[in-house]
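See structure below.
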Amino acid sequence: MSGFVFSEKPIGIERGEGVYLYDTKGNEYLDFGASYACTPVGHCHPDVVAATTEQLERLMYVQASYPNAPRTALYEQLATVAPGDIDNVWLCNSGTEANEAALKFARHATGREKIVATMQGFHGRTMGTLAATWKDKYRDGFEPLAGGFEFVPYGDAEAMADAVDEDTAAVIVEPVQGEGGINPAPNGYLQSVRETTESAGAAMVLDEIQTGLGRTGTLWAAEEYGVVPDILTTAKGLGSGLPIGATLVRDWVAADCGNHGSTFSGGPVTTAAAGATLDVITDEDLPSHAAELGTYLVEALEAAIGDEVREVRGNGLMVGVEVKRGANPILKELALNHDILALPAGRSVVRLLPPLVIDRGDADAVVDALEAIIG
Ligand SMILES: *Cc1c(COP(=O)(O)O)cnc(C)c1O
């Protein structure tokens with residue numbers, strides 16, 4: 001028997017420390033994908049390991065209907081750092097579940113059906129969130145998905161205003177599209193979506209599963225764009241790789257959110273890991289560091305390979321290099337000849353999502369390698 005869903009890469013990873021991963025032969029790799037943004041504070045950060053290990057020995061699990069100390073602390077911590085007056089927290093185990101809950105809560109609180117999503121958007125792979133995910137590649141052969149979904153072009157405020165009406169429960173949107181190719185929201189777009197949803201009485205769901213936790217240079221991209229959504233979702237890096245997601249919700253949605261639940265919601269070990277991860281991000285001011293290093297990285301890439309590629313774009317340490325040929329051969333060369341692991345975003349974008357703790361030397365190493373490959 002063998003796994004059959006993922007195709008595996010020919011590198012067996014055995015150990016991780018900070019910005020590095022080590023394979024079974026002892027080779028060291030600079031991890032510029034942070035395993036899909038799941039290790040914002042680096043691999044095996046000692047504070048996260050300590051908090052998690054301590055909790056593992058005390059209590060691994062208790063049913064969600066009893067309070068447990070790390071979960072109570074995380075509720076408080078998330079409500080404190082969430083934008084504006086978002087104060088209610090639902091915890092789950094992945095990004096798709098965080099969005100699934102967001103859409104359920106929005107439908108229940110508004111009593112409406114329609115959900116508007118954006119072209120090229122990615123929100124997960126369950127039957128509900130897949131219905132909000134644009135690309136056929138993810139949907140083919142799985143239909144019918146949940147109904148009531150409509151798509152509008154990303155970045156087009158007018159198309160959004162036309163699509164949202166008195167039947168609309170929610171708009172779901174990423175501040176920077178990740179899987180769709182690293183597409184930052186144009187200036188003013190999210191504010192306009194905020195105004196449109198507010199005047200229609202629909203919930204604005206901001207999917208920060210990839211952008212959040214400091215990646216784009218502020219703790220939430222919502223801050224940078226100056227919007228407070230009704231629902232904000234986070235997952236990926238929240239538990240430094242342990243499975244945890246959160247749906248952060250304003251009072252009006254939380255007050256009438258219907259019956260929802262999950263056996264593993266807010267277990268003591270994953271919430272301990274998340275609390276420690278958030279502490280590191282805020283104590284070390286990693287959002288500011290990501291902003292500074294992101295600017296440095298993008299400028300260095302522009303200088304080294306700007307003429308050789310279509311575009312370098314992104315916010316903070318969420319950077320896409322749109323290349324003229326396919327991204328995959330470049331990623332393969334990066335891994336096998338330069339010991340650097342990065343990610344694709346679609347066919348033609350090399351996606352860089354390093355741990356937020358990288359330094360300038362790490363950025364230089366990636367720029368030099370890409371220059372050697374592309375330049
Ligand atoms: C990864 C991702 C998801 C889905 O998260 P999973 O944990 O894989 O279910 C949803 N939205 C965005 C923006 C993502 O990047």
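Each residue, glycine too, has its Cβ placed from N, Cα and C.
Where the annotation comes from TrEMBL, it is an automatic prediction and has not been curated.
Residues annotated as pyridoxal 5'-phosphate binding site in TrEMBL: Gly95, Thr96, Phe122, Asp207, Glu208, Ile209, Gln210, Thr263. According to TrEMBL, the feature substrate binding site maps to Arg125, Ser262. If you look up TrEMBL, you'll see Lys236 marked as N6-(pyridoxal phosphate)lysine.
When Cβ atoms from all protein chains are considered, those within 10 Å of Lys236 (N6-(pyridoxal phosphate)lysine) total 27, not counting its own. For the binding-site residues given as Thr96, Gln210, the lowest number of other CB atoms within 10 Å of the residue's CB is seen at Thr96. In this structure, the binding-site residues under consideration are Asp207, Glu208, and the one with the smallest number of other Cβ atoms within 10 Å of its Cβ is Glu208. Taking Glu208, Ile209, Gln210, Ser262, Thr263 as the candidate binding-site residues, the subset whose CB lies under 6 angstroms from any atom of ligand 1 consists of Ile209, Gln210. Residue annotation for pyridoxal 5'-phosphate gives Gly95, Thr96, Phe122, Asp207, Glu208, Ile209, Gln210, Thr263. The furthest Cα pair among them is separated by 26 Å. Here the candidates are the binding-site residues Gly95, Phe122, Glu208, and by Cα distance the one nearest Ser262 (substrate binding site) turns out to be Gly95. Ranking the binding-site residues Ser262, Thr263 by the number of CB atoms within 10 A of their own CB puts Ser262 at the top.
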